[in-house]
Amino acid sequence: MFKNLFKIKEREPKEITVVAPITGEIIPLEEVPDPVFAQKMMGEGVAVKPANGEVISPVDGEVKLVFQTKHAIIVEAENNAEILIHIGLDTVNLEGEGFTAHVKDGDIVKVGDKLMSFDIATIEEKATSSITPIIISNTDNVREVKNIKVTEVTAGENQILQVIN
């Protein structure tokens, strides 16, 4: 009798598509020259070798965190997937130099909204690499992450990941 009363209803899976937040060349995560990303310790995803210094929102959602050093941002999609865009490698050490945030924590964004801009020359001169991992940072809390096979992407146009949650 009480079995059905307390049964938690399983929700329907919701799939979202993540578009490229940066224009450039896709790099498989396993080939990123940083073991934290290459070994997927931060989560599943891909990376982009940027062709320009503009980052747009890859999903409709909410800005959860703009890192104080402006080298990374997390946007939460409508299905609760958290997309971490980490601009360059070892860029936290730049302490914000070369980065500009165009949004703040709590902002509601749509695909294509400008999130950040950065100076590629500064990053390539002072950091390890401009390669930018795009990670589902809460991979453990989503049902599935699928990479979409592409080699070159244009920000806001090409799909790079599907996330089912």
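Positions of Cβ are set from backbone N, Cα and C atoms, glycine also.
The annotation domain 'PTS EIIA type-1' is assigned in Swiss-Prot to 34-138. With DSSP states grouped into helix (H, G, I), strand (E, B) and coil, the domain 'PTS EIIA type-1' (34-138) comes out at 15 helix, 44 strand, 46 coil.
What Swiss-Prot lists as site 'Important for phospho-donor activity' is HIS71. Contacts of HIS71 (site 'Important for phospho-donor activity') defined by a Cβ separation under 8 A and a same-chain sequence distance of 6+ are given as HIS86, ILE87, GLY88, THR91, VAL92, LEU94, GLY96, PHE99, in order along the sequence.
Within 10 Å of the C-beta of HIS86 (Zn(2+) binding site) we count 25 further C-beta atoms, all protein chains included. If you look up Swiss-Prot, you'll see HIS71, HIS86 marked as Zn(2+) binding site.
The phosphohistidine annotation in Swiss-Prot covers HIS86 and is backed by similarity to another entry.
As annotated by Swiss-Prot, active site, tele-phosphohistidine intermediate applies to HIS86.
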